């Protein structure tokens, strides 16, 4: 059936092309005559020949030809061809000799390969007519085109896929979702092969597509994202304008239904239960509740609030922006004894409400939260919480300042005991009765020393001292008039010798450490002992000050240069207290302007600056004093060093130093061992000191005699150590007197060799025997390491024995 249909289609197509070709040839003949004529060769024209040209029709070839024989394309012909075969036709250009073949005699062109218009729409070739004998061109080379005739062999394709679109839920019918476009590779200018129409294969219940534009639109108005949030719609594109035999292609379009705020929040439960201890501080979180919302994104953002008055006062609700939960916290302290259960109404509402869906209902919901308060053992509470007390500063020790009261808020109502935090009352100025809470004075109070006292009172359960409450208490010491007024400063005044009566000398003011509530009021008068005073007068100015004036004409420094004026000051009480202060008045000499020049006892006014000459003289004196002090110190140091150099005997001459290290026991060349041996030959040394013997200074002189020039210590039973004792004592006294020398004294003991030593001490410092009394034979038993030392002492011992014999 399909094979017959394709054969029918090919027949109709070929017939259509033949009719089109005949129509074109007829039109060509009507316009141009019997053929198209190209201008001939100029040489031929010059010979007087008639102008000739090419004759052919327009060429078309149908694409996708599937026949077994070459497809006839057309015929080229020259009007000079008389049909005797003397003209040879050839072609060149695109596909010449491969795709297109020409009959050299007739000029017929055939296509030998299957062509595809979608790959190449036309071919450009050139035609030649030559003399078969001479191979000369009979006509100029001419270019012609073979067009590939289109057939509907390409289906529409959706090149921009995959397609994903979106539409809001509850959108009205006909809402545009997106547009799809298909392209057809066939020739859009030839027939309807490239004319595409669109249709919906799957999903037509919810969406439609415009057949011409490919715009997809909603087909229903009740799209609900919460029910189905995406749809897969298959769109088909068909060419040939959808007619029978057209080719088609399809694509799948994913349409996502976006959310709108069309669902109100809903609490999963209508009641929630929470519990919290009554001692929970303000701000403690009690629990969390959450309203569910089927929407997504910002449409689920909610705010929570407390609706009832009791809940608003006691609790606070905040929204966790991350989880959209309501966090319920304590806003005021809880009290189990006052109320054991609280009921809170919490409301949730959407933050963003879409006015288009208000008619769907209220977008809020409520739930009840029951909060149970748990009882705990609480510390006592102070009632009333007053923290101010007052007491007179003259109150006796043990006087009651006030009473604090604390009660156990628990139902058990345990008895309460009181105490004072002594870190706030280190001087123990106040005490408190442990049972009644009465605060009494523990010491004498003085407002002028401390006008306020801040103490902390402790209240605790009698049988559980860990339950403690603290209350800060401020005690104000009230003032009583217990300090007399005093002159503000020890006043001193000066009066000129030529002063006139009534001249102001000094203004007097006083101070009082008391602070009466009505303010200070002081009264001034001369003391009774100054009642016979005729030199000065005192005037009370009535503003807590008084003025002293002269009462006579002129004063004489020679007769009296100082006057002492006693002044009595009295406060307003009660009780009224008084004190007497003395004003010292000096008689001074003044110039004509009244400026004081000098007084007898001391100059009253001193110039504030010195002349340059006086300043230089002062500096010279200071410099001389510094030089004298340095000279004295230098002489003293020089004298001290001189005394030290005379008294100091350098004992270092008795010390022999060898700043080299030997090569061990086997090294007998680096050091003369006879020098060690000679230290014990005291008899030979003493003999040498006596004047020498035979051979003195000769080559046979023994080693002992060569060491006479070295200072050596010779052990002798009758040696006098007083020289050393005196020297050491003198050095000790000098060190004790010199305070600048640190205590560098050092004491070392050499008599003890250690508990692990298998041999006795080798030191001769602690022995008083002579060298001849010691026996060193035991050195031979110490092993090969001490062989040389044993031989040395054994040789010395043998020499002593021979001398004794």
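Every residue gets a Cβ built from N, Cα and C, even glycine.
Source: prediction; values computed, not measured.
Per TrEMBL, compositional bias 'Gly residues' is recorded for 688-700.
Per TrEMBL, domain 'Cadherin' is recorded for 78-158 (among others).
Sequence annotations record features per position, and here TrEMBL assigns domain 'Cadherin' to 159-267 (among others).
Across the domain 'Cadherin' (268-382), DSSP classifies residues as 16 helix, 53 strand, 46 coil. Feature annotation from TrEMBL assigns domain 'Cadherin' to 268-382 (among others).
According to TrEMBL, the feature domain 'Cadherin' maps to 383-487 (among others). In the predicted model, residues of the domain 'Cadherin' (383-487) average a pLDDT of 91.
Among the features that TrEMBL reports, domain 'Cadherin' is placed at 487-604 (among others).
The region 'Disordered' feature in TrEMBL is assigned to 687-706.
What TrEMBL lists as signal peptide is 1-26.
If you look up TrEMBL, you'll see 614-635 marked as transmembrane segment.
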Taking helix as H, G and I and strand as E and B in DSSP, count the residues of the domain 'Cadherin' (159-267) in helix, strand and coil.
3 helix, 45 strand, 61 coil
Per DSSP, what is the residue tally for the domain 'Cadherin' (78-158) in helix, strand and coil?
0 helix, 40 strand, 41 coil
